[in-house]
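Asks: Below: one structure in structure tokens.
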Amino acid sequence: MESEQLFHRGRYRNSYNSITSASSDEELLDGAGVIMDFQTSEDDNLLDGDTAVGTHYTMTNGGSINSSTHLLDLLDEPIPGVGTYDDFHTIDWVREKCKDRERHRRINSKKKESAWEMTKSLYDAWSGWLVVTLTGLASGALAGLIDIAADWMTDLKEGICLSALWYNHEQCCWGSNETTFEERDKCPQWKTWAELIIGQAEGPGSYIMNYIMYIFWALSFAFLAVSLVKVFAPYACGSGIPEIKTILSGFIIRGYLGKWTLMIKTITLVLAVASGLSLGKEGPLVHVACCCGNIFSYLFPKYSTNEAKKREVLSAASAAGVSVAFGAPIGGVLFSLEEVSYYFPLKTLWRSFFAALVAAFVLRSINPFGNSRLVLFYVEYHTPWYLFELFPFILLGVFGGLWGAFFIRANIAWCRRRKSTKFGKYPVLEVIIVAAITAVIAFPNPYTRLNTSELIKELFTDCGPLESSSLCDYRNDMNASKIVDDIPDRPAGSGVYAAIWQLCLALIFKIIMTVFTFGIKVPSGLFIPSMAIGAIAGRIVGIAVEQLAYYHHDWFIFKEWCEVGADCITPGLYAMVGAAACLGGVTRMTVSLVVIVFELTGGLEYIVPLMAAVMTSKWVGDAFGREGIYEAHIRLNGYPFLDAKEEFTHTTLAADVMRPRRNDSPLAVLTQDNMTVDDIETMINETSYNGFPVIMSKESQRLVGFALRRDLTIAIESARKKQEGVVGSSRVCFAQHTPSLPAESPRPLKLRSILDMSPFTVTDHTPMEIVVDIFRKLGLRQCLVTHNGIVLGIITKKNILEHLEQLKQHVEPLTPPWHYNKKRYPPSYGPDGKPRPRVHNVRLSPVDEEREETEEEVHLLNSTTL
């Protein structure tokens with residue numbers, strides 16, 4: 001029969017009036033072994049039945065409450081498991097939005113009844129602003145705490161302040177009267193470990209002792225960080241942005257944004273940064289902020305009981321995280337919009353902006369760096385850039401794109417090797433080895449010994465009259481009578497050339513160690529290491545261009561702007577452009593990245609060079625692969641994420657992707673009115689599918705709806721507990737009207753209200769590019785494939801991801817022929833020149849073998865040969 005051709009895998013879109021069950025992003029046949037945790041939330045209801053006051057619901061029989069068949073009053077009280085999702089499942093966006101609209105209508109209808117209802121309505125309306133306010137406050141406070149603690153523990157590797165143990169090196173010497181301007185980092189109150197242990201401040205013995213203590217503290221911090229992560233919160237490792245992107249797309253990862261993850265990530269982030277590993281705290285701050293948003297959302301029923309609404313809070317929280325990470329509130333909003341958010345309505349834009357504003361205000365009030373700025377490496381430049389500098393800026397963009405492409409491939413290859421070998425089974429050992437190598441190599445080089453944020457600050461800073469860094473060791477050819485901001489270009493001294501060699505070694509070290517560090521089992525951000533690599537390269541290029549302009553100011557490219565005694569080139573600006581280019585090459589961010597860096601400098605004048613470098617890095621990186629590092633890690637971890645940035649360029653159809661395939665088992669279907677309770681329970685016990693299509697009858701095979709396995713189990717168990725007469729031979733009815741039954745028949749069980757009456761469907765001839773767009777824009781988990789109302793199969797998000805991966809790995813994009821829009825398509829040929837075999841496992845109707853094949857049948861290709 002044709003019903004045996006129907007497909008038996010997949011998930012369905014549950015309408016808002018269904019009893020909700022978690023529908024896995026895995027195929028429906030993968031539902032075996034799922035532990036059913038029947039827990040519910042208070043606002044879940046069965047909306048197509050008559051609703052009584054409170055949480056009392058009455059099932060109807062064709063609109064009549066009192067039925068002669070004594071139908072089950074299924075939901076006299078909340079049923080555990082209704083309206084929740086299991087771990088590693090995908091939410092139903094459409095159902096959640098409908099559920100929120102129904103809640104909003106219910107509140108509006110009652111607000112005029114009493115002052116209390118009006119108060120509840122106002123509370124509901126303002127709850128969105130309250131939750132983002134709390135999120136911003138918590139994000140700013142935690143960011144300030146992390147900044148202060150990380151600075152103190154970083155300096156602890158070198159020494160300690162005897163006058164006040166909680167002071168870092170800079171704070172310790174602020175109040176000292178013995179500190180000179182030339183040696184402002186030296187004061188009697190600050191003691192190195194060599195001075196404390198062996199009593200020597202200089203000499204080989206002092207150097208060796210400080211070296212040993214540096215390695216000791218680095219290993220101690222790294223070991224403590226990875227141990228806390230492993231024991232208390234495994235989800236606290238890594239950057240967190242790939243998982244947050246996946247969660248915002250509708251995926252459920254229980255515990256990833258919980259209180260334990262927040263607490264452990266906050267502590268271990270400080271330890272990881274202080275250990276000196278090639279990582280940053282900016283990326284994990286987004287995870288920390290989202291944890292705050294998730295926790296506060298549970299204080300408001302509007303968000304705690306609706307997963308789609310909760311993701312609006314998480315989008316605002318991610319904006320707050322970037323706001324405190326870089327001191328860039330506007331950049332944070334754009335980052336949330338461009339990089340992480342999947343659903344971003346206009347009201348979420350306003351609330352994201354407000355959350356970023358509150359978070360930045362709190363961090364500014366804390367003033368963790370003592371410079372009245374939100375970040376350590378805030379800079380301001382006072383000299384303009386010139387047109388000829390676009391060429392080195394573009395070169396930096398090329399370098400950033402090449403670095404991004406290399407890093408993504410190398411890091412993904414290493415992470416894949418970690419997953420597939422025994423080395424991945426020993427995360428503590430891996431962290432200790434990486435930390436030891438980092439500490440041993442980093443200490444001799446002053447630029448790698450520095451905290452990465454301090455390194456970026458030094459590279460960004462322009463050389464003024466008060467700078468004592470080796471990078472500013474220029475020879476003065478003219479006697480300045482007064483201190484001015486703009487110092488003319490000068491020949492480089494020996495300190496500059498020594499610093500360049502040290503920076504070259506630091507560049508190689510950072511490139512190699514960042515590849516092996518990102519992805520280890522400690523909190524590890526990628527923003528700061530990428531910016532450091534770009535800043536090093538940019539500073540080297542900037543010094544080279546500066547010296548070239550000084551010694552060859554008569555060249556035609558310099559002649560108009562770089563006169564003798566003019567301040568022409570700003571090497572710090574090149575460092576900033578290089579940092580943006582490298583970060584853009586790794587993440588493929590564009591608009592948000594330019595705005596973030598612009599807010600770091602506070603100057604509109606440098607927008608053009610930043611845009612040129614960032615766009616160049618993106619173009620060069622895209623030439624080697626369109627995936628950014630976060631998308632690559634999403635794919636590596638197998639998360640069900642459909643990237644909206646990818647274009648589907650193939651000409652396959654829904655029939656090519658749907659299940660079942662040839663030789664697949666027939667679809668397990670339910671009929672609407674001629675199955676018994678025993679029949680359904682047998683099907684549930686003998687299969688592992690998470691849902692079953694409901695058809696009119698074995699003869700007609702017309703689609704009626706879709707019933708979840710979990711809903712069926714709950715409904716039958718509830719019926720047996722609450723109503724007498726429900727036995728194994730009781731007829732189960734999904735139809736609106738119960739069929740006529742003999743008088744001696746047991747009481748029927750009507751389950752129409754748990755049936756999804758409007759699952760999304762497409763025809764078998766729907767192009768896959770349209771299907772993929774539907775999944776992306778509506779956030780679907782699955783859709784049914786039909787032909788004239790008869791179910792042929794189902795397409796799930798997993799099917800689409802597998803199809804995209806298969807096409808990406810094995811097939812070049814299929815280009816439509818020139819006569820694609822003609823009435824009749826030509827035969828489709830494979831790469832070997834032979835016609836592709838046609839699908840025979842989907843039978844629309846009996847076909848005469850001698851009849852000429854129709855256009856529809858020619859278009860059904862066997863996707864296994866694609």
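Keep in mind that glycine also has a Cβ here, set from the backbone N, Cα and C atoms.
Heads up, here are the entries from TrEMBL:
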type	residues	note
COMPBIAS	847-856	compositional bias 'Acidic residues'
DOMAIN	658-722	domain 'CBS'
DOMAIN	755-814	domain 'CBS'
REGION	818-866	region 'Disordered'
TRANSMEM	126-150	transmembrane segment
TRANSMEM	214-236	transmembrane segment
TRANSMEM	256-277	transmembrane segment
TRANSMEM	284-301	transmembrane segment
TRANSMEM	313-337	transmembrane segment
TRANSMEM	386-408	transmembrane segment
TRANSMEM	428-447	transmembrane segment
TRANSMEM	499-520	transmembrane segment
TRANSMEM	532-553	transmembrane segment
TRANSMEM	573-598	transmembrane segment
Asks: Go through the chain and flag residues at least 6 beyond the ends of the transmembrane segment (573-598) whose CB is under 8 A from any CB in it; none is fine as an answer.
Replies: 322, 326, 328, 330-332, 334-335, 337-339, 379, 381, 385, 392-393, 396-397, 399-405, 407-408, 456, 459-460, 462, 526-527, 530-539, 541-542, 545, 604, 606-607, 609-611, 613-618, 620-622, 626-630
Asks: State the residues, same chain only, that lie 6 or more residues beyond the ends of the transmembrane segment (126-150) and have a CB under 8 A from a CB inside it; answer 'none' if no residue qualifies.
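Replies: Distant contacts of the transmembrane segment (126-150): 266, 269-270, 273-274, 281, 285, 288-289, 292-293, 296-297, 299-300, 302-303, 312-313, 316-317, 320-321, 323-325, 347, 351-352, 354-363, 365-366, 368-369, 376, 451.
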Asks: In the same chain, who gets a Cβ under 8 Å from the transmembrane segment (386-408) while lying at least 6 residues past its ends?
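Replies: Residues packing against the transmembrane segment (386-408) from afar: 511, 514-515, 530, 533-534, 537-538, 541-542, 545, 557-558, 561, 568-569, 574, 577-578, 580-588, 608-609, 612-625, 627-629, 632.
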Asks: Averaged across the domain 'CBS' (755-814), what pLDDT does the model get? Just tell me the whole number, please.
Replies: 83
